[in-house]
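Asks: Here's a structure for you.
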Amino acid sequence: MSQSYINVIGAGLAGSEAAYQIAKRGIPVKLYEMRGVKATPQHKTTHFAELVCSNSFRGDSLTNAVGLLKEELRRLDSIIMRAGEAHRVPAGGAMAVDREGYAKAVTAELENHPLIEIIREEVIDIPSDAITVIATGPLTSDSLAEKIHALNGGAGFYFYDAAAPIVDKSTINMDRVYLKSRYDKGEAAYLNCPMTKEEFMAFHEALTTAEEAPLNAFEKEKYFEGCMPIEVMAKRGIKTMLYGPMKPVGLEYPDDYKGPRDGDFKTPYAVVQLRQDNAAGSLYNIVGFQTHLKWGEQKRVFQMIPGLEHAEFVRYGVMHRNSYMDSPKLLTQGFQSRANHRLFFAGQMTGVEGYVESAASGLVAGINAARLFKEEEPLVFPNTTAIGSLPYYITHADSKHFQPMNVNFGIIKELDGPRIRDKKERYEAIAKRALADLAAYLTV
């Protein structure tokens, strides 16, 4: 291979992971990141692998598909997982991180790596004659997005993603909330804001009639179900919220709770959960409350939540457009372009949805870019593993109806033999098989 380095464009979760995996294999990397010279609508810092929505990497149990994926990534030496583990904050059975400490750790490791050259500039064209990993994310700049869309025949794929508000803990009315994790899993890590039926109905009415921030007239709303604005969810009906982000099951009142409740019920009618957002525990985000209501409306409506009557919002929810590719047509399971084998794509732009999934795609793309550099065959993880099932899904889905996908047990290959009826036991068996199958790939 005449090329002496590999380009990685974009230093989000996927690009950071790809750059690390390539450099780890002894290959020089030129890592391009435009933040620092050009801002995006959502990013707040110039740190690599910044988390722009939630600070949660979601469930950590092996009976949870994303928990399995995280364990696979740990075993494959993921820089994202390593930094996340070093900057964990309490989150019950989930893995949440101090977003600033975590991002600084990723940035420092990549900046100090002897084989990684950091180039702070905007890339406006796709290199055609060099091995390149494009991981510019769902917030890809317009100029580069046009080039990527050209690979897609100019098709306009987009959807809207929304970020939840963050409040100052010191302004929360602690007399109206209680500390508890659902079903008491792990340590009590969430502040729970319980609602009576009357409080919930008033809140639902206010939420469904609140004024939303305007969208561009030429853009059609197309939401990904996993990050749907709370006001859109509310308009689908009361049960959508009660079985969604405000479900009360497993969040019974503590014995010493003195706030209002419906009669002698031990469980609230509805619950809004607040999750710690930084290591200091001074900030909490409103779980599942991604929104694009106008800021004044957010304050008015969300201060109806018990405990948040006088809460100070350090960040209001915001809305942005996310773009993704027609991966079933464009990519191989190694995240390699079908049109140009020297190009690899990674991250949410490929149709994987979520922080952990983005890191996983970067790991696979980085490994395969390095293998191409060394003139080795592409690596395809088996779809009995979580890290193999994601690229399998996005490259085998129906192109006409392709939508971003979180990792889940439904996309992992089923177990051989009779179906295990107990769900927990079935997921444990899938996880055990996945980690056993992954073992053969730990030295690649």
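Yeah, the Cβs are placed from backbone N, Cα and C, and that goes for glycine too.
When I checked Swiss-Prot for this same protein, it listed these features:
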type	residues	note
BINDING	Gly10, Ala11, Gly12, Leu13, Ala14, Gly15	FAD binding site
Asks: Counting only residues 6+ apart in the same chain, whose Cβ is under 8 Å from the Cβ of Gly10 (FAD binding site)?
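Replies: The answer is Tyr32, Glu33, Ile134, Ala135, Thr136, Gly137, Thr140, Gly347.
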Asks: Apart from Gly10, Ala11, Gly12, Leu13, Ala14, Gly15, which residues in this chain have a Cβ no more than 8 Å from the mean position of the Cβ atoms of those residues at the FAD site?
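Replies: Close Cβ neighbours, site residues excluded: Val8, Ser16, Glu17, Ala18, Phe48, Ala49, Ala135, Thr136, Gly137, Ala346, Gly347, Ser358, Gly362.
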Asks: So, three-state DSSP: helix, strand or coil for Ala11 (FAD binding site)?
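Replies: DSSP assigns Ala11 (FAD binding site) to coil.
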Asks: I'd like to know which of the binding-site residues Ala11, Leu13, Ala14 has the most other Cβ atoms within 10 Å of its Cβ.
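Replies: Answer returned by the neighbour count: Ala14.
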Asks: Tell me which residues of the chain lie with their Cβ under 8 angstroms from that of Gly15 (FAD binding site), as long as they are six or more apart in sequence?
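Replies: In sequence order, the residues whose Cβ lies under 8 Å from that of Gly15 (FAD binding site) (at least 6 apart) are Val8, Ile9, Leu31, Glu33, Phe48, Val133, Ala135, Thr136, Gly137, Ala346, Gly347, Gly362.
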Asks: What's the number of neighbouring CB atoms sitting within 10 A of the CB on Gly12 (FAD binding site)?
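Replies: The answer is 31 other Cβ atoms.
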